[in-house]
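Everything below concerns the one structure shown next.
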């Protein structure tokens, strides 16, 4: 499972290696097809504002946008994937400046906020949403379980624990939608400059 992290934000305090490890951890825990590829992009506020206005119709920078790439791709894990082409699951776009502000307001670390936002963005790519109360409860529950398992494993060997915690949701909980990528703080794109399709956040 390939995760590509591109830091175009100018932020020097982003632990890109840890962010990639977290993303792989979440994808593995959610039983995502190992041939899927994910792009995580970190952008400056102006770039995020442009995406936010263009794809969400809202002013100002946001914290995270998710852009699913291939709606026809089966993201679920399978034993027989040899004949499947490698396919891009989508892009998660993060804004470190906004994340840093939110971390201060929440009273936790910048790394913790980025982990939360990246996990949130990936769940949107997998069809989770929080437009309705029941969806929000399910998405927040899975998100919390994944982050707790990541914290316990420190990104090392805890994928089994996360997988167990998220099993019910990964198989289709209330928080998932048939269409991948609604609002939550995500969008869809091939890159920060030119993402294709409508985002979720």
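Just so it is clear, glycine is given a Cβ too, placed from its N, Cα and C backbone atoms.
All protein chains included, residue 124 (Zn(2+) binding site) registers 32 other Cβ atoms within 10 Å of its own Cβ. When secondary structure is read from DSSP and collapsed to three states, residue 124 (Zn(2+) binding site) falls in the helix class. What Swiss-Prot records for 120, 124, 130 is Zn(2+) binding site, and it gives sequence analysis as the kind of evidence.
According to Swiss-Prot, the compositional bias 'Basic and acidic residues' annotation covers 173-186.
For 151-201, the entry in Swiss-Prot reads region 'Disordered'.
For the binding-site residues 120, 130, counting C-beta atoms within 10 A of each C-beta gives the highest total at 120. In three-state terms derived from DSSP, residue 130 (Zn(2+) binding site) belongs to neither a helical nor a strand segment and is classed as coil.
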